[in-house]
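Have a look at the structure below, then the notes.
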Amino acid sequence: MNNYKLMIQYDGGRYKGWQRLGNGENTIQGKIETVLSEMVGRKIEIIGSGRTDAGVHALGQVANVKLSENFTVKEVKEYLNRYLPHDISVTEVTLVPDRFHSRYNAKDKTYLYKIWNEDYTHPFMRKYSLHIEKKLHIDNMVKASQLFVGEHDFTAFSNAKSKKKTNTRTIHSITIQDNQGFIDIRVCGDGFLYNMVRKMVGTLIEVGLGEKEPEQVLTILESKDRSQAGFADATGLYLEGISF
């Protein structure tokens, strides 16, 4: 039995997220499993590191799949890229130890959120970034972002559908960079609740627009009140990388 680790990139714009929810669901996981199943002639299931929401993109999703066949990594990669839709790519395939599990062995995940902060639409990135015309106050956003760093109960920044045993997570770092009209927000942590990054970014945007004070981040965290947090569109969000 061979355990293959897949590095995956995708444009999530037309999909219902990563996780296969049932037969016929238009998901990234479902598309990859369909191609692998055709390759080996039986039903195949893969394990993904991160369950991205509908519309969210990935630059560094990781999955693993166990196959009894002795395919080379080149054969697996070439077959997948030949038959997957053009908005899903497998960038690397490697053989890993049998015990490797892409979800349970993941230590940290990094998400990137892209904002186009100019008074005109970016013709090429309009589907891959959130457009905000009003100039954002970056210094206030940076100040607010650092209040997320550390271990906190992120109930206020989770979705009501979240069914985790605990809503406590640790954020290792948040950086905000102004890059030629784009504002790139990177969030690195040990794990994320459903909609957590989008709610964090949405709140930072409200701070940048002057709708909230930076210090209110702590108030919202302590309140555990989901209605107090902002919510950013999925368009600008990317799963950038996972460390093991």
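Yeah, the Cβs are placed from backbone N, Cα and C, and that goes for glycine too.
If you look up Swiss-Prot, you'll see D53 marked as active site, nucleophile, on the strength of sequence analysis. DSSP assigns D53 (active site, nucleophile) to coil, not to a helix or a strand.
The substrate binding site annotation in Swiss-Prot covers Y111. Around the Cβ of Y111 (substrate binding site), 26 further Cβ atoms fall within 10 Å across all displayed protein chains.
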Cα-to-Cα gap, D53 (active site, nucleophile) vs Y111 (substrate binding site), nearest whole Å: 12
